[in-house]
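Here's the structure we're looking at; comments come further down.
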Amino acid sequence: MLKGHLHSVESMGTVDGPGLRYILFTQGCLLRCLYCHNPDTWKINEPSREVTVDEMVNEILPYKPYFEASGGGVTVSGGEPLLQMPFLEQLFKELKANGVHTCIDTSAGCVNDTPAFNRHFDELQKHTDLILLDIKHIDNDKHIKLTGKPNTHILKFARKLSDMKQPVWIRHVLVPGISDDKEDLIKLGEFINSLDNVEKFEILPYHQLGVHKWKNLGIPYQLENVEPPDDEAVKEAYRYVNFNGKIPVTL
């Protein structure tokens, strides 16, 4: 029986998609982001909770009244959820059959052009209402330094989603001295504004809430002396990106 490998769940999330959301954090990720707040999700073979589709649907459906009242639903994050597409295909198909909004939060690090990947993603996309795409850095060399992987396949994937008319929110973590360069943010905005499917752009201010996990795993944390950006730096970044010619009115 097909099973998913989960790191954890959050029953009432409010930041990973619209409304109140049940969030599944999957195990396994190919990127090694310097600021990752879930480094304990990197290894897909680490001890994790194995679940069937039926088990998860039964856990999720009692929350449906909250989804309906808030415009929420289910978000699968990670880790990297696209490493477990066969499981997600079945899960999202069942959730949609029960009238639940579905969302994937991905950094697209595992995206590739193999027939197997494209076949599974095309099937998964049929049952996916929204994708949150994290673009870590628009500059390829800086992306490699930040995550350990290039960004060329990620940007290509963003264009594919645009061609598919798949609704997308794009998110960018703002790290002082790493991903806050003016010219890079302007280029990021030009790229985003060239896509036809982006409903929302969000800047996520860097934080250190996951540093203790790095220490518990015995992994050196290279950004320990980096302070989170202040509100003015975040506003300035929004102005540089200039998504659709405006900045969020809620700042």
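Just so it is clear, glycine is given a Cβ too, placed from its N, Cα and C backbone atoms.
Note that the structure is a prediction, hence the values are computed from the model and not measured.
Other Cβ atoms within 10 Å of the Cβ of Cys33 ([4Fe-4S] cluster binding site) number 23 in total over all chains. Marked as [4Fe-4S] cluster binding site by Swiss-Prot on the basis of similarity to another entry: Cys29, Cys33, Cys36.
The Cβ of Lys136 (S-adenosyl-L-methionine binding site) has 24 neighbouring Cβ atoms from other residues within 10 Å, across all protein chains displayed. Taken from Swiss-Prot, the feature S-adenosyl-L-methionine binding site applies to Tyr35, Cys36, His37, Gly79, Asp134, Ile135, Lys136, His207, supported by similarity to another entry.
Residues or ranges marked as domain 'Radical SAM core' in Swiss-Prot (evidence: sequence analysis): 15-244.
Relative to Cys29 ([4Fe-4S] cluster binding site), the binding-site residues with Cα atoms inside 10 Å are Gly79, the candidates having been His37, Gly79, Asp134, Ile135. Cα of Asp134 (S-adenosyl-L-methionine binding site) to Cα of Cys36 ([4Fe-4S] cluster binding site): a span of 12 Å. Each of the binding-site residues His37, His207 was ranked by the number of other C-beta atoms within 10 Å, and first place falls to His37.
Mean pLDDT for the domain 'Radical SAM core' (15-244) in the predicted structure: 96. Here is what falls inside 10 Å of the CA of Cys33 ([4Fe-4S] cluster binding site) among the binding-site residues Gly79, Ile135, Lys136: Lys136.
When the neighbouring Cβ atoms lying within 10 Å are counted for each of the binding-site residues (Tyr35, Gly79, Asp134), the highest count belongs to Gly79.
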